[in-house]
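These notes concern the structure reproduced below.
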Amino acid sequence: MASDQLQVLNALDVAKTQWYHFTAIIIAGMGFFTDAYDLFCISLVTKLLGRIYYHVEGSRKPGTLPPNVAAAVNGVAFCGTIVGQLFFGWLGDKLGRKKVYGMTLMVMVTCSVASGLSFGHEPKAVMSTLCFFRFWLGFGIGGDYPLSATIMSEYANKKTRGAFIAAVFAMQGFGIMAGGIFAIIISSVFEAKFPAPAYADDALGSTVSQADFVWRIILMVGAIPAAMTYYSRSKMPETARYTALVAKDVKQAASDMSRVLQVQIETEQQEVETKEFSYAVPGYWFTVAFIDVIGRFTIQIMGFFFMMVFMFALAIPYNHWTHKENRIGFVIMYSLTFFFANFGPNATTFIVPAEIFPARFRSTCHGISAASGKVGAIVRAFGFLYLSQSPDKDKTDAGYPPGIGVRNSLIVLGVVNFLGFLFTFLVPEAKGKSLEEMSGENEDNDNNIRTGFSHHIKGELTDTTRADLARVSAATFFKRGMKTKEIDEREWLNMLMSWRIPSRPVTEVFPVRLSVRLLQSEKQTKSLKPA
């Protein structure tokens, strides 16, 4: 069984990049496109919600959401996301990735539509139902984080695994950008269709009744890409790593992978054949391009370092940046922090948890890691909304208490980035390594091989032990042993030949490539004799 598992996993690790890999990126990536659209589009409509539902007669300014309502509307989806990440991450390890993957999409589709259909016309009723459905929308979105990362990591080969996972995550940038573009388009259409006077000319008439449809349409459109992806997700097979390592069904794992990837895996004999947004979006794709070149650790530590530098560069001379002639420089500097966030920890903290945990816990642990990140998003949504207010109570936004100001808030962010920089030194590097190497799931097989080598030296091998060790060793220790010079190659080849059963040809015991190498060596030296 161990050797069969290794064969399936080895086939996945060395499989060439194929069309199905890109199909999986699109299927998983469209979920992330939807996640980003749904999570961030709410910030585009909060001002409109304030004008529609919180207009104050006689006020010199348009209505705004009260602080507690604004915090709830902006942050409640993040609360749901944390719960969803933990719950669906756990469920993905219990029931399998495929079964749970479709559930998250259905929750997202249902709650996206329901958010736009929030009941009533009174502010309290609309905001209450909006927050209710936004929580459950976040719950579905939360499930997409651990499942998408885990599925992509388990499908990918080890050479390009980081780039594939990063490409899924990079779809988030397009989702954010699509939300902004669609909001501009729909607002322009309604403005052209239903013109309104300026607020100074007619406070009440400046917000036409049809404006209530704008925010509802923007929220409901998020259901479309999720619904379009559901059928494709339902047709994806369970990942071979889950089926082989958790469900313990190696034959089914081999069958599933042979159906979608050009790999031929026979489980009974060891034969494997492998036939701000403008700055944020480039950051994602820089990660895709370089993560399997310079590694996860380098990208994350570089990202935290430059984010820290830019935050302090904005905070320390903050008064300089407030002058009108310097505002473009401020925008560029602040945008670069987004670039290095996405060409940095925003991407790597999504990728690394999908690579370093064992298969039986992978989805759960990724959910915990992702939920930890969303705690930071909640602190931002709830905390910095208040913290960044001016210390002078006469200069705060309506309804907000005094805070520490933007300058000090930027300093706090710089300190947080410095802490992230330090903690990065604890992150293991997964570049070029298989998932089983990172999680330690190969250790038992390595121990078996070393034990077999010891028995070989002592002359204690039986025919059964020979066959078992030959299959296992060919899949693991042979490759790593040669690279690390743990064993002399000729001695290793002699030992492998002595392990095979005399009545069976070499090609029935070893993989094709290794069999050829053994036979060539035997022919050249005439020193390797069958046992």
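A Cβ is built for glycine as well, from the same backbone N, Cα and C atoms used for every other residue.
Look at TrEMBL and you will find 24-432 tagged as domain 'Major facilitator superfamily (MFS) profile'.
If you look up TrEMBL, you'll see 20-49 (among others) marked as transmembrane segment.
The transmembrane segment annotation in TrEMBL covers 69-88 (among others).
Per TrEMBL, transmembrane segment is recorded for 100-119 (among others).
What TrEMBL lists as transmembrane segment is 163-190 (among others).
Within its own chain, the transmembrane segment (213-231) is flanked in space by residues 27, 30-31, 33-34, 37-38, 41-42, 44-45, 48-49, 52, 102, 105-106, 108-110, 112-113, 115-118, 179, 182-183, 186-187, 190, which lie at least six positions past its ends and keep a Cβ under 8 Å from the stretch. The transmembrane segment annotation in TrEMBL covers 213-231 (among others).
For 297-316 (among others), the entry in TrEMBL reads transmembrane segment. Beyond the ends of the transmembrane segment (297-316), by six or more residues, the same chain brings 287, 290-291, 330, 333-334, 336-337, 340-341, 343-349, 352, 407-408, 410-411, 413-414, 417-418, 420-421, 424-425, 427-429 to within a C-beta distance below 8 angstroms of the stretch.
The transmembrane segment feature in TrEMBL is assigned to 328-352 (among others).
The annotation transmembrane segment is assigned in TrEMBL to 364-388 (among others).
Here TrEMBL flags 408-428 (among others) as transmembrane segment.
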Most Cβ pairs under 8 Å with the transmembrane segment (20-49), selected from 69-88, 100-119, 163-190, 328-352, 408-428: 163-190
Interface-richest range of 69-88, 163-190, 364-388 toward the transmembrane segment (100-119), CB pairs under 8 Å: 69-88
Cβ contacts under 8 Å made by the transmembrane segment (408-428) with residues that lie 6+ beyond its boundaries: 296-297, 300-301, 304-305, 307-308, 311-312, 314-316, 318, 345, 348, 352, 356, 384, 387-388, 438
Intrachain residues whose Cβ lies under 8 Å of the transmembrane segment (69-88), provided they are six or more past its termini: 38-39, 42-43, 46, 49-50, 54, 100, 103-104, 127, 130-131, 134-147, 363, 367-368, 370-371, 374-375, 377-378, 381-382, 385
